[in-house]
Amino acid sequence: MTFELKHRDRSHLSHHFNAILGNPPVEWKISDHLVEYPEALRYMQERVEKILAKTAHEQVWLLEHPSLYTAGTSADKKDLLAPHLFPVYEAGRGGEFTYHGPGQRIAYIMLDLKRRKQDIRAFISALEEWIIQMLASFNIKGERREDRVGVWVKQSHCPSKKNDLSSEDKIAAIGIRVRKWISFHGVSINVNPNLAHYSGIVPCGITNHGVTSFLNLGCPVTMHDIDIALKHAFEKIFGPTIDVS
């Protein structure tokens, strides 16, 4: 099943998604090269089947993609403004169009919600909280919005928009799919991508807000810095991890 979150309050939901006692640590995998989207999609689908068969453990996979657009299950063709700019892939996840590319940290989340909590709204909220806590470690205040999924930053944080107190932009997008209570797809975090590449789509179907990045906020960080902060915040919400290659 794919998941679409509509206008429903989730701020009160528990953000703790620890597994049942005795569950192995979540594997923490980092790829240091650009991963083609079809390869990543194939890997996730195979991993989900292995988790279902109990022949593989849960995993978080951190990576970057070459520049591309993906279409979620709610994508509207009119929101693809420049169809020939980059390759376009049907993702099968919830959501609409989004951009992936170098300088963006992708975290694919393959967790067994039966071992944790069979509540997809709470899972989305926990993913948002994970990103919010990660951002806080860099003194960036990320916020959730009840009418749209993802993590948002008020542009009073951005040096170029300090006088625009009403503006807010998305720094992290979330799009998941769940198959027999195993999650896949995940989150994308703008570290230092070329934000102009978003001009070929209406990101997530939202026209009245933009996108931002760590670099755009005046916070130049390395991908390694992001990975350390992500791991620390993840373990507080989802439990222990173990590094794998």
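Using N, Cα and C of the backbone, Cβ positions are placed for all residues, glycine too.
According to Swiss-Prot, the protein carries these features:
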- 54-242: domain 'BPL/LPL catalytic' (DOMAIN)
- ARG93, GLY94, GLY95, GLU96, PHE97, THR98, TYR99, HIS100, ALA173, ILE174, GLY175, GLY186, VAL187, SER188: substrate binding site (BINDING)
- LYS170: site 'Lowers pKa of active site Cys' (SITE)
- CYS204: active site, acyl-thioester intermediate (ACT_SITE)
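A coil conformation is recorded for GLY95 (substrate binding site) in the three-state DSSP classification, outside any helix or strand. Note on the domain 'BPL/LPL catalytic' (54-242): its mean pLDDT in the predicted model is 91. Straight-line distance linking the Cα atoms of PHE97 (substrate binding site) and LYS170 (site 'Lowers pKa of active site Cys'), rounded to a whole number, equals 14 Å. A distance of 12 Å separates the Cα atom of VAL187 (substrate binding site) from that of LYS170 (site 'Lowers pKa of active site Cys'). In this structure the alpha carbons, written CA, of ARG93 (substrate binding site) and LYS170 (site 'Lowers pKa of active site Cys') are 19 Å apart. Sequence-distant neighbours of TYR99 (substrate binding site) (same chain, six or more apart, CB under 8 Å from its CB) are SER67, LEU68, TYR69, PHE86, PRO193, HIS197, TYR198, GLY200, ILE201, PRO203, listed in sequence order. Over all protein chains present, the Cβ of VAL187 (substrate binding site) has 23 other Cβ atoms lying within 10 Å. The record assigns ARG93, GLY94, GLY95, GLU96, PHE97, THR98, TYR99, HIS100, ALA173, ILE174, GLY175, GLY186, VAL187, SER188 to the substrate binding site, and the maximum Cα to Cα distance across that set is 16 Å. LYS170 (site 'Lowers pKa of active site Cys') and GLY95 (substrate binding site) are 14 Å apart (CA-CA, integer value).
The 10 Å shell around the Cβ of GLY175 (substrate binding site) contains 26 further Cβ atoms across the protein chains shown. DSSP gives VAL187 (substrate binding site) a strand state.
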